[in-house]
Amino acid sequence: MTAEALSSGELKAIRPYPARTGPKGNLVYKLITTTDHKMIGIMYCVACFIFFFVGGLLALLMRTELAAPGLQFLSNEQFNQLFTMHGTIMLLFYATPIVFGFANLVLPLQIGAPDVAFPRLNAFSFWLFLFGAAIGMAGFITPGGAADFGWTAYTPLTDAIHSPGVGGDLWIMGLIVAGLGTILGAVNMITTVVCLRAPGMTMFRMPIFTWNILVTSILVLIAFPLLTAALFGLAADRHLGAHIYDAANGGVLLWQHLFWFFGHPEVYIIALPFFGIVSEIFPVFSRKPIFGYTTLVYATLSIAALSVAVWAHHMFATGAVLLPFFSFMTYLIAVPTGIKFFNWVGTMWKGQLTFETPMLFSVGFAVTFLLGGLTGVLLASPPLDFHVTDSYFVVAHFHYVLFGTIVFSTFAGIYFWFPKMTGRLLDEQLGKLHFWLTFIGFHTTFLVQHWLGDMGMPRRYADYLPTDGFQGLNVVSTIGSFILGASMFPFVWNVFKSWRYGEVVTVDDPWGYGNSLEWATSCPPPRHNFTELPRIRSERPAFELHYPHMVERLRDEAYVGRRHAEELVEVSLH
């Protein structure tokens, strides 16, 4: 472009980052050697979405098989491998690591840190997860196929007699390696939050997302080492004849206790960070501060504490656990979750709501998770649980809870923070199409499964009889699953197109009302995140930076309750 053209005011193509330099293969070298938390966060997200698509493909194969009675194109053995690997991929190779994807992308920015506490350990955690997941999935290319004993790996199904193939061993080792990556990631996040907060960033000025990652990381340190130990025991059983999980010694129940003491905190490990994501999004699109900040923090801590006291509700049907205690504790965990809902609704109440794509996905999360939570309260009652245990009612319940939380909030977070990651905005029209396809597809797939479960359709069966009367609802469910699968196409195209050609973000805060510190630096941020930090005087430093004329009023309104309490104390003293 000539100097004349520039002086005449002609538009010049700009990029949100410097032009690419370096020889061919430079990007690959950079990815392999990087210790930049933002780059690692993007790598986590991309890797997790690849696993998400693979897990979704396995689910589509299962739903196609179940659309009609009789075995269509899968054998019983193949079906067993599919549901085992589908559960494992979705929970341990997608949901858990994408927590650390978001934590890497956002947490150091939110606390004003230049990077995480241990950047090399951070990179090591990612590569452990990636190679662990690859090892776990490698069973598909072995002669005996992948693991086929269910993602819960109940003994004696997992012993050397019932699962002799190498697929089971690869599954065990893959989970051990990927789990180590998760443990190290949690150590890193705890240290980062405790040691690297910017001046003025007290614990109760941290964003809710940062709080939730901190609590989640503590839960990881409680739960994942136990899983690792249990898996090593299982490997010893299979190869050394250790007899740890022998049925004769009560080993079957031992495995269930060990697994679910990991498994239930794991459910909250993959829920709390996503509660944090929507807690960041609701205030921005409601044009209001988060309602009940401190109660949200205490609710998060309560959920974490209770989550390690309810594991045996997965074992009601064994008849070997104290039903009243675990039933009551499970009911109890609904209380802090209800407080969170109250706060989210309170944040939106009388706000100036706008429904951009992140807000749509957040509302979709709230609706779906609420329904899943209500069926969870039903399942907490042992008499009801005995009726529907191991049926499609349970499948519908945990998909409502997990898909509602993880997938809807993941998409909300990606649409929300994509401009911060890349310096470009995602396409709103494609985003709305993506949301409605996801929402309609999901509810069509899983709502009818509650009724299938109540009618008595067991989970994990590859086939059913024409006389069972399950076909009609199964066809509806399968149609919904293909709508859900189709929803990924606008998303992938949107990310690809926007990353390369999307609208360039030229401001720190493209949404206009961001609260936390990540909206006080450029899009994308410089290598060490900030060229200068604003003063941190509340939990909304970026908002106060962009709206300085509002600070006095915000202070005045924020402390009305506290001031009123002080006045009451003074009156009572006089």
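Numbers run from 1 along the shown chain.
Placed from the backbone N, Cα and C atoms, the Cβ positions cover glycine too.
Copied over from Swiss-Prot:
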type	residues	note
TRANSMEM	40-60	transmembrane segment
BINDING	H86, H399	Fe(II)-heme a binding site
TRANSMEM	89-109	transmembrane segment
TRANSMEM	121-141	transmembrane segment
TRANSMEM	170-190	transmembrane segment
TRANSMEM	213-233	transmembrane segment
TRANSMEM	258-278	transmembrane segment
BINDING	H264, Y268, H313, H314	Cu cation binding site
TRANSMEM	290-310	transmembrane segment
TRANSMEM	315-335	transmembrane segment
TRANSMEM	359-379	transmembrane segment
BINDING	H397	heme a3 binding site
TRANSMEM	398-418	transmembrane segment
TRANSMEM	433-453	transmembrane segment
TRANSMEM	476-496	transmembrane segment
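Taking the features listed in Swiss-Prot, we show where each one sits on the structure.
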| residue | record | Cβ contacts under 8 Å, 6 or more apart |
| --- | --- | --- |
| H86 | Fe(II)-heme a binding site | G55, L58, A59, M62, W151 |
| H264 | Cu cation binding site | S307, V308, V310, W311, H313, H314 |
| Y268 | Cu cation binding site | T216, L219, I303, A304, S307 |
| H397 | heme a3 binding site | G372, T375, G376, L379, H450 |
| H399 | Fe(II)-heme a binding site | G372, T445, F446, Q449 |
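Sitting within 8 Å of the Cβ centre of H264, Y268, H313, H314, and not among those site residues for Cu cation, are the Cβ atoms of W260, G263, P265, V267, S307, V310, W311, T330.
Two recorded stretches are said to be in contact when at least 3 C-beta pairs lie under 8 angstroms, sequence spacing 6 or more; the transmembrane segment (290-310) and the transmembrane segment (359-379) fall short of this definition. When each of the listed stretches 89-109, 213-233, 258-278, 315-335, 398-418 is scored by C-beta pairs under 8 angstroms to the transmembrane segment (40-60), 89-109 comes out highest.
Where the transmembrane segment (170-190) meets the stretches 121-141, 213-233, 258-278, 315-335, 398-418, the count of C-beta pairs under 8 angstroms peaks at 121-141. Just going by CB pairs under 8 A, the stretch in 315-335, 359-379, 433-453 that sits most against the transmembrane segment (398-418) is 359-379. Every protein chain considered, the tally of other Cβ atoms within 10 Å of the Cβ of H313 (Cu cation binding site) stands at 23. Proximity of the transmembrane segment (89-109) to the transmembrane segment (433-453) is not established, fewer than 3 Cβ-Cβ distances being under 8 Å for residue pairs spaced 6 or more apart.
Counting residues 6+ beyond its ends, the transmembrane segment (213-233) has Cβ neighbours under 8 Å at 99, 102-103, 107, 172, 175-176, 179-180, 182-183, 185-187, 189-190, 193, 206, 242, 244-245, 255, 258-259, 261-262, 265-266, 268-269, 272-273, 276, 300-301, 304, 307-308 in the same chain.
With a threshold of 8 Å between CB atoms, the same-chain residues lying at least 6 positions outside the transmembrane segment (359-379) that come near it are 274, 277-278, 281-282, 285, 313, 330-331, 334, 337, 341, 344, 353, 385, 388, 393-394, 396-405, 408-409, 411-412, 415, 431-432, 435, 438-439, 442-443, 450.
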